[in-house]
Ligand SMILES: Nc1ncnc2c1ncn2[C@@H]1O[C@H](COP(=O)(O)OP(=O)(O)OP(=O)(O)O)[C@@H](O)[C@H]1O
Ligand SMILES: [Mg+2]
């Protein structure tokens, strides 16, 4: 259920089995922001280990460093922290950094890995003073576990129920002062009482291209390869604002340079590699283009419901909603209205199609 994890350790990610919905096979596309198990191992080597190493997200970084410094100053565990944002932006990385900065170990579990409240009670009661408990995909916790977590987070106590029926009684068990770090790709699904128990919520947003250039350059250094600045920019601008994708594209460009190029990571290699992998200049991949094409050609630009759209392209609605949509909406390539998803002028243009006369935005 929960694995002990030394935050200084490279390699193992400490992921509980079945800990992330993003392990699903539908996520093997080059620009999907989710990661497979194999990829998680490759990522571990590139993970920043300290707040200073963590590129971009200045606001969250500043806020978090205040929370951590204050706690360290008081010699006490900090408030519980909630991290929200699309896949691949650094939630797990930050959780590991929090433990490392506090100099404590990190326990890792996840909403889907906890089947029963008793599972969570077992994890909680085995925590040591000051430890960080990372709960990934916290919006997927089962209801009874969630209720147990409220009490644990607020009062540092779990009630162990002994016996059944009328004779059952609850024996309170006190817990050490721990810090819960929750991560979610869907903050909107968290019930308010749970959200309220986090003293600090950091929302991670897509990265600016300049920050991604730093991510790519830093990762190239760790991989021991030289990359020309133009190549780093090219990769950054096609990475959908997501460090995980930037690192993945970097590895593919490195492969291309090694196999088909002269080993140099330059602009020509970056362009050629990304063409092979069908990542377009704005970072859209086949699924994105399929969604947009269906929206325009099958549904005349919408509005169309998300699940209808997802079925049309043969994907799970959740994949389309968490992986494709946030980026497309941010890029102005898709609009959300109360009646469904709509194409924008930009969508038609990007696909090289002629918009209907009444398309205004
Ligand atoms: N700010 C950053 N600076 C440098 N690298 C980063 C940064 N954020 C993320 N990365 C890189 O991106 C990869 C993915 O990050 P991470 O696993 O923390 O994402 P996540 O938000 O937990 O995603 P998911 O929702 O899928 O669990 C990491 O391996 C790390 O190397
Ligand atoms: Mg994660």
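Glycine is no exception: its Cβ is also placed from the backbone N, Cα and C atoms.
Just so you know, TrEMBL annotations are computer predictions that nobody has curated.
Residues annotated as ATP binding site in TrEMBL: 46, 47, 88, 91, 92, 93, 154, 155, 156, 197, 207, 244. Look at TrEMBL and you will find 77-210 tagged as domain 'AAA+ ATPase'. The Mg(2+) binding site annotation in TrEMBL covers 92. Taken from TrEMBL, the feature region 'Small ATPAse domain (RuvB-S)' covers 208-278. The feature region 'Head domain (RuvB-H)' is assigned by TrEMBL to 281-361. Residues annotated as DNA binding site in TrEMBL: 336, 341.
Among the binding-site residues listed (154, 156, 207, 336), none has a CB atom closer than 6 Å to any atom of ligand 1. Among the binding-site residues 92, 336, 341, the ones whose Cβ sits under 6 Å from an atom of ligand 2 are, in sequence order, 92.
Residue 46 (ATP binding site) sits 35 Å from residue 336 (DNA binding site), counting Cα to Cα. Summarising the environment of residue 336 (DNA binding site), the number of other Cβ atoms within 10 Å of its Cβ, over all protein chains shown, is 14. Considering only the residues assigned to ATP binding, 46, 47, 88, 91, 92, 93, 154, 155, 156, 197, 207, 244, the longest pairwise Cα distance works out to 37 Å. Between the alpha carbons (Cα) of residue 88 (ATP binding site) and residue 336 (DNA binding site) lies a span of roughly 23 Å. Taking the binding-site residues 88, 154, 156 in turn, the residue surrounded by the fewest other Cβ atoms inside 10 Å of its Cβ turns out to be 154.
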